[in-house]
Each structure stands twice: as C-alpha cells, then as structure tokens.
Amino acid sequence: MVQGTTSKEAHNESLTVRDERTGKTYTIPIVENSIPATAFKKIVAPSKKGEREENETERGLRVLDKGFLNTAVIRSQITYIDGEAGILRYRGIPIEQLAVNSSYLECAYLLIYGNLPTRPHFNTFKAEVMHHSIMHHDSEELFASFRYDSHPMAILTSAFAALGSYYAEANPSLAGQGLYTRGTPESLAIMDKQIYRLLGKATTMAAMAYRIRQGRAFVTPPVGLSYTGSFLYQMDHLGEEGYKPNPILEKALDVLFLLHADHELNASCTTVLQTGSSLVDPYSAVAAGCASLYGPLHGGANEAVIRMLISIGPPDNVPRFLEQVKKKERVLSGFGHRVYKTSDPRSFIVRKTADEVFALTGTDPLLQTAMRLHDEAMKDDYFVSRKLAPNVDFWSGLIYRAMGFPMDFFPVLFAVPRVAGWLAHWRQMMLQEGGVKIWRPRQIYVGPEKRDFVPIEERKDEGKQPRERPTEVYHSGQSKRYYLAEYTGKAKL
Ligand SMILES: CC(C)(COP(=O)(O)OP(=O)(O)OC[C@H]1O[C@@H](n2cnc3c(N)ncnc32)[C@H](O)[C@@H]1OP(=O)(O)O)[C@@H](O)C(=O)NCCC(=O)NCCS
C-alpha cells in the first residue's frame, strides 16, 4: 500500500511512501508537482517464496504506465495545454491571440526559438526556410517510383527519411555523435540549417506526393509567395503565367497550419523525441514522427469525420446515428479528446475559418449534417456527462474538402505544419541541460519462466490459441497451375 502526503512548504515538498511488504518508509521529493520515478527503485523487498524471479523484487519497485497516461518524460518550455479549461498556449501565448495576429511561419519561429521574432529576425528566418524549399533533382525519381494509388503519407514518410541521405554533414553517424548536442555556434548553425531544410522542403515534398498521383510534372517552388501560398502553387500550378493561389484559401490554410503546428507530447512528437534520443539525424526522427501521425487514432481523425458524415447522409438521419453511438455501435468521430475535457480551443477558430472558406467555395451539404450533429450532441446527456466535445478535427476535414483536397491527403495537411512542433521539441531536447539520455522504457515481463531448449523431434504443439502459431495465408497472384507444378526445393504447404 502506498500512502502519500505533501507538505505545504513549496521548497521542501515530499511524498511519504510506506511499503507494507517491509514496513519501511521512504521520502520522495516532489518537484514541480512531480516525483522522480527512479526514486521508486530504492524501494526493495525480499523475494517471497515461489515468486517469479522476473519480478525482480529485490531490485526495486517498477512504475507501470501503459500508454503514458500519467508519465512525464521531459521538462518542456514549448506548449501548455489545460484540457479541463480548454487552454492551449505556444510559449505562453494563447492560441486565440496567435490565430488572429500571427502566421504559421512566425509561430514556427516562436515554437522553435522561444519568443516572437523581431522583424529582421523573422525576415532572415523566412528567407532561409523559403530558400531551402527546393529539392535535389535526383529526388524526383524517388517520388516517381511510387505507385499511382500510393497513400500520400507513405510517400511523405519515405521522403523525409530519404531526404537525410543527401546531407552527410548533418548525420551524427558520419559527422560525430555530438553534432547536435554541443550547443556551440557551429553546432547550432548545423542544427538550424537542417531545421530550415525540413520546414522548407516539407511543403515541396507534400506537393510532390500530391502531383505524382495526378500524373503531373513537378513544379519548382515559386519565389515571393507565403509558406502556404507556395504550397498551393506547387500543388496546383499548371504553367499559367502569373499564377497566384486565392488569398482567402491561402490565409485559411495558414490559420489551419498555425493551429496544427504543435500540441505538446502527442504520439508523433513523442515518437520524434524517442527516435531522436538515439542521436539519429533529424530527418530520420521526423520520418518516424510522420509514420506515427499517419495512424487513424492521431492524424486520421479528420478524414474519419468526413467518412462518418457521408455515411449519415442528410441531417434528418442524425438522431438515428446518435442513438447508435449511445449504444456503442458507432463512434462520433471528431468528438472527445484524451486531454481536452471541454471544447478544444482550436475548434472555435476552425469553425470561423470554415465560414470564410464556405463563403468562397459554397457550402458543402455535409455541413448541415455536421451542424445538426454538433448541436444535438452538445445538449445530449451521453456526451455532456462524458465531457465529449468537438475537437479540431470535427470541422477541419470540412474545410479541406471544400478546398478540394482528396480525403487521404488530410493527414498530410496535418503532418506538414506539425514539422515545426516536432523540430521545436527535438531542438529543445538536443540542447537540454545534462545532455540527451536515450529513451529506454522498462517492461513488466510476464512471459515464460526459464525453460530448456527442446530438439524439434521431441516438441509437442504447445500453442493453444490461433495467435500462437503463424497464420496460413492466401497467396494472391499465384495460380492453381503454379501450385500443381513441380520444382526443386518445393516446400509442402
Ligand atoms: C480521442 C479519443 C481516442 C480519446 O479517448 P480516451 O481519452 O481514451 O477516452 P475514452 O475512450 O476513455 O472515453 C470515455 C467514454 O467516452 C466514450 N467516448 C469517447 N469518445 C467518444 C466518441 N467520439 N464517440 C462516442 N463515445 C465516445 C467512450 O466510449 C467512453 O464511454 P464509457 O465511459 O461509457 O465507456 C476518443 O474520444 C475518440 O476515439 N474520439 C473519436 C476520434 C477522434 O476524434 N480523434 C481525434 C482526437 S484529436
């Protein structure tokens, strides 16, 4: 049993833990309302008779937290979320103020370097990012090697990883493992150059992933456009002279990019840090983050909202759908959040942006269904009592759809702006006090105890569940003729 008390003295707060197995009491310091998990390693007990040696009882108490529900893995100065109050701040500045007054690139600067830039600093940063948007000509072959129906996130993830292969001087495996952790002016210059390259080329690679599926030739990034203007140009330009994307759509995309730039330690950001903790190059770390974001529980929810709205159909079908949700037969995509227990503050801004886009593009019939769904869910006790409210994805998919993006491109529109957040956290970790420790979590081993090897002739089939043996699978693409053929080395299937 563990009993906890905290003293009122902020400078001397502690948790008193009594281990009922031994009767011993331990004092664990509380700093910034957190306790060091390693302090529990000192809590040891003699192994009981018959206890599994794998429990390692004599080597200290372990802390089990499947899915990081209450484990802080880093001290961070970047983003603050209060999920109960619906607060999101980048470096202390409320997201609502940034959405109205700032831009995506300015927020990227804020997230990465800690403060809003002065005009000269911003001009330098923007010029560097935009200058580094051009891809090496050879990389076109990589994009062209994908099949016409490849998911754009598969292309983008591969492209981030491949991009690192162009810069040997930026690879700690080749240039020395202290490349990014030294904090010297030379080290910071190498780090920032990779940041410019990753931010600059993220839109170019996303646009290339878009165009390859359309069978369109690639476009050189334009000069003189904004970050999102350049992105739209690279996707849509077909050779017309003086082509400029629509400013309302360019601005709307910039606001969406700003809102998606960071969200503290979500799955993809944690993946970037976990991968980066081995001191691998930032291209590989960002590729890993991109792969994590690809999953439907993370970057795919906005697409799920549209599929859900299409399946519901006209607004009159909403009550029936909500009854199915309440019976747990369906999920109301775009509602609920692990952190927010009230409306996601970004959802209000996205809703407003949606109106501006719809005024230009015309409304989508799905909007009526979405509005009815929103209004009915917000007053229904099932959702109210579970604190389920709209998240950012509830409305963003409708904007992307109105802007004419294919549904499987929605996660790309999330991943591209999130590069800023990933890099901000990666840079912070590389430069943190005390250096970087590789992220190596513990496990609770519950598998077989020590047993001896058995020769194959003497083995019994011990697997009781289907999952305990390999599944026999259907081999598509091989005909009956092939199976009836004889050849050397043919294995009996
Ligand atoms: C985001 C999400 C994964 C968070 O999950 P979580 O923090 O683990 O929350 P839980 O699964 O514990 O949900 C708590 C309760 O609310 C219900 N619930 C949560 N989200 C729900 C949703 N979108 N629709 C219907 N019921 C939902 C759960 O069934 C559970 O009900 P119960 O207490 O009767 O068992 C979840 O809300 C969800 O799947 N939402 C839809 C997908 C989505 O929009 N994701 C984007 C997030 S930005």
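Keep in mind that glycine also has a Cβ here, set from the backbone N, Cα and C atoms.
Remember, TrEMBL labels are computer predictions, not curated facts.
Here is what TrEMBL says about this protein:
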ACT_SITE  His337  active site
ACT_SITE  Asp393  active site
COMPBIAS  456-472  compositional bias 'Basic and acidic residues'
REGION    456-476  region 'Disordered'
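Neighbour density for Asp393 (active site): within 10 A of its CB lie 26 other CB atoms from the protein chains shown.
Distance noted between the C-alpha atoms of His337 (active site) and Asp393 (active site) is 10 Å. Residue environment of His337 (active site) contains 22 other Cβ atoms, counted within 10 Å of its Cβ in all protein chains. The helix, strand and coil residue counts that DSSP assigns across the compositional bias 'Basic and acidic residues' (456-472) are 6 helix, 0 strand, 11 coil.
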